[in-house]
Amino acid sequence: MFKNKWVASSVVAALTLSAVPAWSAQAQEVTPIASNTASAVSYTAALNDASAFTYAMAKTPTTDLGSSVLTLAKANFPVAKNYYDTYYQAVEAEAKNNFASFSAVSKYATTVLAVTAIGKDATNVGGVNLIEKMVAYAQQQKAKGDVDTAFELLEMDYYWLLTALDANDYAVPKANEADFSREAIVDFLVTKAYSDGGFSWGSSSEWATGADVDSTAMAITALAPYKTQPAVDKVITKGLAFMQSQLSDQAGFYSEWAKGDSPESVSQLIIAQLALGINPQQHEQFVLANGAWTVSNLLTSYDKAQHAFKNSAQGTVNQISNVQAAQALTAYAQQTPYYDLSAVDATKFNYDTTAPVAAKISAVSDKSTMLKGTAEKYATVTVKSSKKVLATTLADGTGRYDLAIAKQKAGTKLVVTVTDAAGNTSKVKTVTVADKTAPAVAKVNTVKAGTKYVTGKAEKDATVIVQVNGKKYRTKASSTGKFSVKIPKQQTKKALLVMVKDTAGNKSKTLKVRVK
């Protein structure tokens, strides 16, 4: 539960200028800034689209998708009636297997958060205490790290541990209190702040590159419930100053990898702001003179055309960006600490039980190798011929879909269905393959002088047209394709033009026939 905890006297006593790099004599205090006015934003559609994208990418909720389950539960996005039960059953199965597939503190922590977010008790998952398992795993890794630094717990592990424990005021097992009591975790984190106020994902790792904004925001989020303690408050203040110093001119954080402001980084800051009880739109430290602020910056990565978030304004749509954007916007919409899961009411979850509308289908012919149309966004579109599935695909964020199919015979009936992310299926839409193929040139028997008929063979039921001196004579070919067109008697070497027109209106090439 997010509330003020104990006063960590041991932490306060340990925080001296000589002991803590973050508070060195060279460190700068936060520079006051003038009051700026945050620009107005509209974020509801973006939040809904980010949630929809998250759901589409996590339709079957396995234990690897805890973050997505958390995201959907917090946003109360409509999901399948059995969605959360399916996830919980997957976690129960892992519990019976002693969480053998779990190999990271973050995996345990996100599972704790997801389980709690769907209204379950993480201390009793099928009779197994997930909190005990999480802390025991951390204890085991710490013991390995004491021998081999390759296994050493890093700051990121502690961010996740503290966040998970405080999600619903879960108790730390007494056997692990020495290393993982809240006091011990806060003590560890406070002493890991860099002199510039920032935090790292793992300062002792050989891969560490110093402080970064994402880790700093996560540290602030984890420490937020303890902000009334002077030592923690000072670290948070320095951390915010570090993040302020990294701001772009659009109130975000530039990513060299994304070649633009990162939606993930600013999402973490928004979550940190709300964890501190601060409305981002009124947080002067992160509102620029041009009106840019954290939420307005996040929305620059929202692609209205694709209805999803990209990894930068110039980047591509991806799952991580949408999950974190949805989390940040949910926190902003609810104006509460995102990871406070102490008052979950599972009876109020929204479920999607409405069938999607039938697909709209563009014209398809016997020349088509692609079936195109629109359906509910992120729904699965399937096309069948008789009972055979020809193709299936996922509609994009606009609802557009393209189904690659083999060429079908004219007259074939194709059946198209739409199944949304919740498993609801639309009514069947049937489309008949149109005939767009020209008939073959007629096979004409020899026409002799004085003959009154032109005979031969063409496409069955097609109309055969013979042109003589600009005048057209016609007949319908039989069901076997035979035809006989009556014409005036012709002299030797006279040119006759013969053309075939099928029942769909397609015309063959013209055949020139000489009277013998």
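Including glycine, each Cβ sits where the backbone N, Cα and C put it.
In TrEMBL, annotation is done automatically, which means it is predicted and not curated.
Annotation source TrEMBL lists signal peptide at 1-27.
TrEMBL lists 355-435 (among others) with the feature domain 'Bacterial Ig'. Here the domain 'Bacterial Ig' (355-435) has a mean pLDDT of 97 out of 100.
Per TrEMBL, domain 'Bacterial Ig' is recorded for 438-515 (among others).
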If you run through the domain 'Bacterial Ig' (438-515) with DSSP, how many residues end up as helix, strand and coil?
0 helix, 36 strand, 42 coil
Let's see if you can do this one: DSSP helix, strand and coil counts over the domain 'Bacterial Ig' (355-435), in that order.
0 helix, 39 strand, 42 coil
